[in-house]
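Okay, structure first, notes after.
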Amino acid sequence: MTSSAASSPALDDIEEGIALRPKFDAAGLVTCVTTDARSGEVLMVAHMNAEALEKTVQSGEAWYYSRSRKRLWKKGESSGHVQRVLEIRVDCDQDAVWLRVEQAGAACHTGRQSCFYRRIDRDGSGAPLLTMVDADRLFDPAKIYPK
C-alpha cells in the first residue's frame, strides 16, 4: 500500500490496475463508507489512515481513524459491536473505501443500527427539518460510553 504523495502512478494504473494505491488526502486520510453486507444499508461514514486500512485488511475487522480524538480505533472496542469485514472495495481513483460488513449490534455510537437515522424533510414554510427514521436504540450509549 502506498500513498499518492510518495509516487504518482499513471491514471490508467490507478483506475484499471490491480495494485492497491489509496489516495490519502492532505491529512493522510481516506473516506470510508461502511454498509451492512446483508441488507445494503449504509451504517456509517468514517475515515481511515494507512494504518487503519492495513489493520482492516489484515485482521478482517474494521479499524478507523478518529479525526476528533486523533487516534486509531477498532470498531466495537468499547461497545463490543465489532464489524466483521466481508469485502473491501476502493472507488475508481482509490480515494474512497467501501466496507461490506457483518455488524454485531449497533453501528452508531448513539445506540442506533445506522448513523443515518434522520431524514431531511421540509416544514410548512419549506425550511429544512430533520425527521427521525429507523431511530430505535439498540443500546443505551450512557451505559457503554460513560462521560
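Along the chain as shown, the residues are counted starting at 1.
The backbone N, Cα and C atoms fix where each Cβ goes, glycine too.
Taken from Swiss-Prot, the feature Mg(2+) binding site covers Asp91, Asp93, Asp95, and the record attributes it to sequence analysis. Other Cβ atoms within 10 Å of the Cβ of Asp91 (Mg(2+) binding site), summed over all protein chains shown, number 14.
The Zn(2+) binding site annotation in Swiss-Prot covers Cys92, Cys108, Cys115. The Cβ of Cys115 (Zn(2+) binding site) has 17 neighbouring Cβ atoms from other residues within 10 Å, across all protein chains displayed.
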Those residues of the chain, 6+ apart, with a Cβ under 8 Å from that of Cys108 (Zn(2+) binding site): Leu43, Met44, Ser114, Cys115, Tyr117
Secondary-structure category, per DSSP, in which Asp95 (Mg(2+) binding site) falls: coil
Neighbourhood of Cys92 (Zn(2+) binding site) by C-beta distance under 8 A, where only residues 6 or more apart in the same chain count: Ile14, Glu15
